[in-house]
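Peer 1: The following block contains the structure, expressed as structure tokens.
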Amino acid sequence: MGASSLPPAWQLYLKDHRISTFKNWPFLEGCACTPERMAEAGFIHCPTENEPDLAQCFFCFKELEGWEPDDDPIEEHKKHSSGCAFLSVKKQFEELTLSEFLKLDKERAKNKIAKETNHKQKEFEETAKRVRCAIEQLAALE
């Protein structure tokens, strides 16, 4: 069974797949944050127009940008997301038992749901603020 037959989220457990996301990564040889080291730390490259060096942990979904050539990806990951369970996994993906993998992936799924829920809550609060402001402006016209 090849990596391409895995669900997309599970493909990210494979370091080589994470490495492949680092297209146009600005830090290559002679740097601490090479694509290989970034992938080892759980990161994928997800650049935007304004953040060309944006990287996100596929597991805890922590996003970091503003990388410097001497930044150590594992240390930066620990500093900004010390509770990420991916950092404590001592086995390669292929060495995990099914039970270990499913427990780990349950944590990843919970992280994803928490991130999405927080994002939706912020969107809701911003919309509520705009609506409240519009209502107050209408009330002031009376």
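Placed from the backbone N, Cα and C atoms, the Cβ positions cover glycine too.
From Swiss-Prot, for reference:
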BINDING   CYS57, CYS60, HIS77, CYS84  Zn(2+) binding site
MOD_RES   SER20  phosphoserine
MOD_RES   LYS23  N6-acetyllysine
MOD_RES   THR34  phosphothreonine
MOD_RES   THR48  phosphothreonine
MOD_RES   LYS90  N6-acetyllysine
MOD_RES   LYS110  N6-acetyllysine
MOD_RES   LYS112  N6-acetyllysine
MOD_RES   LYS115  N6-acetyllysine
MOD_RES   THR117  phosphothreonine
MOD_RES   LYS129  N6-acetyllysine
REPEAT    18-88  repeat 'BIR'
SITE      GLU126  site 'Interaction with FBXL7'
Peer 1: Which of the binding-site residues CYS57, CYS60, HIS77, CYS84 has its Cα closest in space to the Cα of LYS23 (N6-acetyllysine)?
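Peer 2: Of the binding-site residues CYS57, CYS60, HIS77, CYS84, CYS57 has its Cα closest to that of LYS23 (N6-acetyllysine).
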Peer 1: Pick out which of the recorded positions LYS23, HIS77, LYS90 has the most other Cβ atoms within 10 Å of its own Cβ.
Peer 2: HIS77
Peer 1: Looking at the recorded positions THR48, CYS84, THR117, which has the shortest Cα distance to GLU126 (site 'Interaction with FBXL7')?
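Peer 2: In terms of Cα distance, GLU126 (site 'Interaction with FBXL7') lies closest to THR117.
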Peer 1: Check the Cα-Cα distances from LYS129 (N6-acetyllysine) to the binding-site residues CYS57, CYS60, HIS77, CYS84 and tell me which is shortest.
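Peer 2: Ranked by Cα distance from LYS129 (N6-acetyllysine), first place goes to CYS60.
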Peer 1: List the residues of the same chain that sit at least 6 positions away from CYS84 (Zn(2+) binding site) in sequence and have their Cβ under 8 Å from its Cβ, in sequence order, or write 'none'.
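Peer 2: Looking at Cβ-Cβ distances below 8 Å from CYS84 (Zn(2+) binding site), excluding near sequence neighbours, one finds GLY42, CYS57, PHE59, CYS60, LYS62, HIS77.
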Peer 1: Could you check what DSSP calls CYS57 (Zn(2+) binding site) once collapsed to helix, strand or coil?
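Peer 2: DSSP assigns CYS57 (Zn(2+) binding site) to strand.
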